[in-house]
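Among the features that TrEMBL reports, compositional bias 'Low complexity' is placed at 407-417. Look at TrEMBL and you will find 406-427 tagged as region 'Disordered'. Annotation comment: TrEMBL describes 50-72, 79-97, 109-127, 139-160, 166-186, 224-246, 252-273, 285-303, 309-331, 343-362, 374-397 as transmembrane segment.
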Amino acid sequence: MTRAPLLERAVWQAGLLALGTASALGLARFAYGLLLPAMREDLRWTLAEAGTMSTANGLGYLLGALVTAAIVRRWGTAAAFRIGMVLTAVSLAATAASDAYLPLLTARAAAGAAGAVVFIVGGVIASRVAAHAASSVPITVYFAGTGLGIIVSGVSIPALGNHWRLAWIGLATAAALAAAASWGAARGGAGSGGAAREGGGSTGGGEHADVAGRARVRPLLGAALAYLLFAAGYITYITFLSAYLADQRAPLGQVVLTWTVLGLAVVAAPALWSRPTAEWPATRALATLLALLAGGAALALVAPAPPVILASAIIYGATFMGVPAAITALIKSNVPPADWTATLAAFTTVFAAGQTAGPWIAGVVADHTSTEATLAWTAILCATASVIALAGGRVVLLATPGRSRSRSAAATRQGPPRSAPPRRRGR
């Protein structure tokens, strides 16, 4: 098969897999922000109680991330992806079944856990598809699916007004349709990467090398702290944005338009930032993303005028999904390939911890001030994270010998050092 048809098939498969990110993140995590005002009014929640729902979702995500490897070892990538998709739809439906606080917390945690399995395993399958097609386009398509979920929820949920149970049923239906549509794409990914289940790996290091790796967080401590602050900050903006708009008495059309352009920006973000995250030195891309994210959140506080809010949403949407990609690129350029998996897992845990604590803390602060405090929280934490990332980047440059950085870069481009021709090792 020639390269063009092969790439077309890979992009189509990645597009179906992207329904996983649309469901796991766009519907199961971020759509709650649209439902928060109606649920808060109907159930008489404080902002802290509303934020705790996102905290439960973040905790579920952490637990899901911790058990994903075991699920894949037991059932394989295709089955793990499908199970996660089905459980995501079920958990969304369960959110409509009760107005009691504890069952709602449980449902939100279950959505987070199932979504984590989908997001992680879908990324593995998409990576295999991309490797088979010798192109990074399938990865870009896969991560763009998050924006699709935000767009779908943004154009449908606000029109339902206070009927939040009906909205959750609608989200569950959309997630179920996504599960059905992506079913075959998961099987294709497993087929193309079947060797990975037997110890082979598409990264060149193999599964056993990943298991034997060590988490090397200390050389990237500044980046880890920046990632923690980012996680605690970014989730607060999208959780409380609709509550902020409701307090500003924004019309329905403004809410729909704001979420739609935010989703479109998320769709465009992977393509926009793929080159900077791969080519910019040290933590420059990470610091730039965090600074823009902070500025976007702060912009919404300048004035509640629709053009200002739209600009804020566009900047936010175009940057927040780029931060995990920048972290991944930073790890791959500063950590030996054998330790990539363990280090990425450690950073995922850091991220989940921040994402879990952020909404509740911001909600407590907002209860004593106003919903504007939630956007200020995002701006302050991301600005601080940007400064820390810049400082951490200087430390990385000073602490990492040129030869080591050269080897890491060569490993990223060519695979494990053993496969590199000896005469090119000194480049």
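Note: Cβ is positioned from N, Cα and C throughout, glycine not excepted.
Most Cβ pairs within less than 8 Å of the transmembrane segment (50-72), among stretches 166-186, 285-303, 343-362, belong to 343-362. At the 8 Å Cβ cutoff, the transmembrane segment (224-246) and the transmembrane segment (139-160) share fewer than 3 close pairs (sequence separation 6 or more) and do not count as touching. If you look at the transmembrane segment (166-186) against the transmembrane segment (252-273), you find fewer than three C-beta pairs under 8 angstroms, all six or more positions apart, and that falls short of contact. Each of 79-97, 309-331, 343-362 was scored by its Cβ pairs under 8 Å to the transmembrane segment (139-160), and the highest score goes to 309-331.
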